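Novice: Pasting a structure here, questions to come.
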Amino acid sequence: MAAPAGHPAWEARSEYSEEALAAALADVPELARLLEIDPYLKPFAPDFQRRYKLFSKTLNNIGENEGGIDKFSRGYESFGVHRCADGGLYCKEWAPGAEGVFLTGDFNDWNPFAYPYKKLDFGKWELYIPPKQNRSVLVPHGSKLKVVIRSKSGEILYRISPWAKYVTRDSDNVNYDWIHWDPEHPYKFKHSKPKKPRGLRIYESHVGISSYEGKIASYKHFTCNILPRIKDLGYNCIQMMAIMEHAYYASFGYQITSFFAASSRFGTPEELKELVDTAHSMGITVLLDVVHSHASKNSEDGLNMFDGTESCYFHYGPRGNHNLWDSRLFAYSSWEVLRFLLSNIRWWLEEYGFDGFRFDGVTSMLYHHHGIGQNFSGDYHEYFGLQVDEDALTYIMLANHLVHTLYPDSITIAEDVSGMPALCFPISLGGGGFDYRLAMAVPDKWIQLLKEYKDEDWNMGNIVYTLTNRRYLEKCIAYAESHDQALVGDKTLAFWLMDAEMYTNMSVLTPFTPVIDRGIQLHKMIRLITHALGGEGYLNFMGNEFGHPEWLDFPRKGNNESYHYARRQFHLTDDDLLRYKFLNNFDRDMNKLEERCHWLSAPQAHVSEEHETNKIIAFERAGLLFVFNFHPSNSYTDYRLGTTVPGKYKIVLDSDAAEYGGHQRLDHNTDFFSKPFEHNNCPYSLLVYIPNRVALVLQNVDLPN
């Protein structure tokens, strides 16, 4: 039973809370600012205090014991295998559960015990092999290596170093081989990194599926053929998936086996560097999809059981396993695990020139329950307390601190479905340090509407709520669909809209069918309203901009190892006789308009109308007036729209235009003049003809650009 008001327990609690709040404000430099932004977080000030102190303590410990995070995050400079200036070889590993460690390979005819490592403190082992008398290379570039582990039970295990920079698999081999990568002429970057984009327009990309041919595409193919398309479409950022090496292609790159190795199925490390460098020459920012939330269970060619124990890099027992993903979970409180992961972050930034990261599986990292079976309601108690894995959160804060310290213009994005408060605020405020989070509820809303509701039953208010329901001042990446929606078992928006008719009725030589007409019009509207209203960044998965047909399915036993659905048919949009070009044109011009008007970096939109009967949504952002008529049949003549700014308006984007597969019902030479006639709580209004299933963008030409 709760104590009544005035009870000493209440007074003690109030006094304690005030004391706790004061202590938290003293410890977290800018916590007061966070609590001013969201006063409802005040009861949880001690949680922010504890998190920040754990981060600070770990950072200070790194400083005292390792000489700072700068030195600590350069683990790849000593761990693994390195050619010395004198021609010798220096090798180092962390294998706390091993009884003995050895190096073998082509260079010594695979004698497993000829080169034993020396045991150091804290589970580390090192080996120095002196140079040959003739000073020739001891381990040639391209030769195969293995670390040999003698476990405490006496078992002999052949392992790939966790720090291996290149691994490949022969066609007749099940497991990957560790290849010593030490080219005589490594790639030299020619171009500087682009400036941080004002508004992120992300093209989510997978190198392997980027060709229309039924095969794995290469870094070279992507560089020569896909980068120019991305540039032409107006995207200023690429998010590269499946780059970190993964033995199982069908995992989409989310079951990592070698964290420091760029996937060899697409080409060499030097070819990936050329890809990133070429993107930079085009002014395109390149993000890596980094997977530090879990790791593959593979032991022969992965991290698992590296030293013969299950608890080397991972938690021991059930805590070390993710039941849904069938993968291993990192022990983030382990000193050497922190070194490994932070060094991995730095490696991709420095060696390959990436400009930041999209962190996968952040929800799984944040909570001991990993989000499994959780239906996050937004109740703040869900984000604090014992269910939060504060060791993982500390690692997240350290990773963001490292990224933004090394390269202040770098970008980090969190894939978090929970909505953890302050995750995308600076660490000094008590936040997680991310720049953006993915607006993961938005694609779910579109799929729900297309699957469960007739067009006339779409709720305009609910659409607006979903697109605008984000935490104040925490930036979001909005998207109508990503790779998740394209995977087998689901459908892309285009396929939900047009389904089987995409095979027969996409030719411009045949009349519009009702299904294709509806699909093309709604596809454009959904993408534009998501782009303009849904966040501070926008993401599109490769090929979906032009309504790529079918689904995405990697070769596996269940489909007879077929590559038919593991490709992107870009030739469809190049065919002038097919309607895919219309969607491609609209996507390009939508991005180009944002590039010119910068709505993604503007304050959140002012929504003036969400009319349920008329199916009209109207809002203003960045000096533009956006209008959407979702009604399946009703067009409106002289429809009054409210605006906060007087002046002359002109149409700058019209989904009904001929070049976008529209019906050309609007005259783009028309001037629309606002008048001081109050409407929908706006001091001015104008009259516009709005055809059905049309999206319009009007610009106030009296305003300075």
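For all residues, glycine too, the Cβ spot is worked out from N, Cα and C.
Where the annotation comes from TrEMBL, it is an automatic prediction and has not been curated.
As the structure is a computational prediction, the values presented were derived from the model and not from experiment.
Here's the feature list from TrEMBL:
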- 227-571: domain 'Glycosyl hydrolase family 13 catalytic' (DOMAIN)
- Asp360: active site, nucleophile (ACT_SITE)
- Glu415: active site, proton donor (ACT_SITE)
Novice: Whole-number Å only: compute the distance from the Cα of Asp360 (active site, nucleophile) to the Cα of Glu415 (active site, proton donor).
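Specialist: Checking the Cα atoms of Asp360 (active site, nucleophile) and Glu415 (active site, proton donor) gives a distance of 5 Å.
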Novice: I want to check the contact list for Glu415 (active site, proton donor): same chain, sequence separation of six or more, C-beta distance under 8 angstroms. What comes out?
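Specialist: Residues satisfying the criterion: Arg358, Phe359, Asp360, Gly361, Val362, Thr363, Arg437, Leu438, Met440.
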Novice: Between 0 and 100, where does the mean pLDDT of the domain 'Glycosyl hydrolase family 13 catalytic' (227-571) sit?
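Specialist: Mean pLDDT, the domain 'Glycosyl hydrolase family 13 catalytic' (227-571): 96.
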Novice: So for the residue listed as 'active site, nucleophile', how many other CB atoms are inside 10 Å of its CB?
Specialist: 21
